[in-house]
Amino acid sequence: MEILRQLKRFYASEKKFIVGTILFLVLATGIGLVQPYLVSYLIDSVIIPENYELVAPVALSVVGVVCLKALNQFLHGFCGGRLGNRVATKMRNTLYEKLNTLSFQYYDKAKTGDLMSRLTADLEAIRNFIGFGLAQLLNVFFMVVLGGTMMLVLNWKLTLITLLPVPLLLFLAFRFEGQIHPIFRETRKAMSNLTTAVQENITGVRTVKSYAQEDFEVNKFSERSEQFRSNQIEASTKWATFFPMMETAANLCVIVLFVVGGIMVINGGFSPGNFVAFFSLIWYIIGPMWGLGFHINNYTQFKASGERVLTLLNEPIHIKNEGKALKLDASSTKGDVSFNDVTFNYPDKKPAIQNISINAPAGTVIGLLGPTGAGKSTIIQLLMRAYDVKHGSITVDGVNVKDLDVQSLRSIISPVFQETFLFSATIRDNIAYGIANVTDEQIVEAAKLAKAHDFIMEMPLGYDTVVGERGMGLSGGQKQRIAIARAFIKNPKILILDDATSAVDMETEHEIQAGFKQLMAGRTTFIIAHRISSLRFADEIIVLDQGHIVQRGTHDQLVHQPGPYRETYKIQFADFPGELEVAAGQKE
Ligand SMILES: Nc1ncnc2c1ncn2[C@@H]1O[C@H](COP(=O)(O)OP(=O)(O)OP(=O)(O)O)[C@@H](O)[C@H]1O
């Protein structure tokens, strides 16, 4: 019930449907209890005394009772359906919102398949229980109390004797729930492992195929499928073991009633009509207990799913606005960026960058160079506040990024990453992503600057071409050019080019860089590149190694100093002196 309490905010506003679904079910049950009385009356007051003229009115009463019961059952279903769906929709939207507010740190470890199964299978279990299971569980108590009272009124001694096996039934039902809950929890986990395998396989299908790992993937899936199967089998074995035991315990009540009640009727201490009514009423008690297994199953699934959904909902948000966060006004922001003695490490890892100080006045270009893993991307991630620094500070226009409204900070930054993500949408929508009221002219202009216009126009549908998931159907270089056009459209104060031209050939890189010059004008720019030609014109080039700044200065200064920059320069240009000239030409 703790889970139910924690989920209260999702159903608290649905009081009328909660009351409706419970009330109509209870009414249906209550009306159903009239039936045994009518049967008892039919036998004792109509059939035995041969008052056949009463048959029609009694039969009509039965029809009335049945119709009324059906109406209440319909209303119970109506309210339950509304309730379950409204709660599930609210939860689905809240979960999705939560997924969007969770920080980069969460996604470093998150599994897509697992998250998908929380938003689908788990929500379904919650919808079922809140919509119907809860009302049915409460109805069990109602049936037992009302049915029991009626039996006690008819014959309290017979009632007590008949219900002797009930504690055994209850014991079995609770034992069943205790044993099946962990199995359901494991089943849910196994299900999410399965979805993760499918999702990863589809996302990484090119890698799988290029490495001819289809068999390996199929085996991996089979193992997970096997785990799911064995969890399901374990659950059905428990089910198969406990249900006959519960059925036997329930039938013990019937046997006791037949023996003791039968003797009482023979001895004249109990009327045949009351005996038949008693027989119907006993099912009002043992029936729900019998069904208790099903309801418990429903509840247990809900509990396991609720736990998983709540874990996600309670996940801490690492990056959020603190106190009165300052909203940056894009029009008045200059774009001065400063890193002041920044040290940062990812959770449970050694520092990725140490004692980094960078001063980038508005409009300057900072180049970041260094071997893989040196910490270049980390510097950029920290500027975007993907993570918070552990030591030192980062400021934009003199304000610590921690004091800035996260969304407004990110709205003035435009990153172009090494890997471009394109949505399953038209090229037009991909370029205009996140920006309202963009004209077609602006989109074309941005695409031209990013050298994307020509290849877009070669496609049959031009800007209306829908690119597949993750931009399939486009080459790496084409995707990158769309991402660059996206950055142009955003008109940022701070531009980040994280290996942005890595996927295009040198000639296109030179062409794009001409566009970059226009894009960079008046914006603070951080360029991460492995090619010196991409950042040689920067106002300051920072050379990193293992998280430390090992060299800094302009290209002309660095190229004349012994050190990693000159070594890289020599390697990259020794064989292609012509390239150097072309690159140098970009500066003018
Ligand atoms: N999300 C992350 N979680 C944990 N560790 C990370 C994460 N991202 C980077 N690292 C680690 O931090 C260090 C710096 O990585 P970073 O990506 O900043 O290097 P880089 O210079 O940009 O490399 P590359 O040129 O290959 O992109 C590396 O040791 C890397 O393993």
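Quick reminder: no glycine exception, Cβ is built from N, Cα and C everywhere.
Going by TrEMBL, these are the annotated features:
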- 19-301: domain 'ABC transmembrane type-1' (DOMAIN)
- 21-42: transmembrane segment (TRANSMEM)
- 54-72: transmembrane segment (TRANSMEM)
- 129-152: transmembrane segment (TRANSMEM)
- 158-176: transmembrane segment (TRANSMEM)
- 248-270: transmembrane segment (TRANSMEM)
- 276-296: transmembrane segment (TRANSMEM)
- 337-571: domain 'ABC transporter' (DOMAIN)
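The average pLDDT for the domain 'ABC transporter' (337-571) in the predicted structure is 86. Here the transmembrane segment (54-72) has long-range neighbours at 24-25, 27-28, 31-32, 34-35, 38, 41-42, 45-46, meaning same-chain residues at least 6 beyond its ends whose C-beta is under 8 angstroms from one of its own. Beyond its flanks by at least six residues, the transmembrane segment (248-270) meets 155, 158, 161-166, 168-169, 172, 278-279, 282, 285-286, 289-290 of its own chain at Cβ-Cβ distances under 8 Å.
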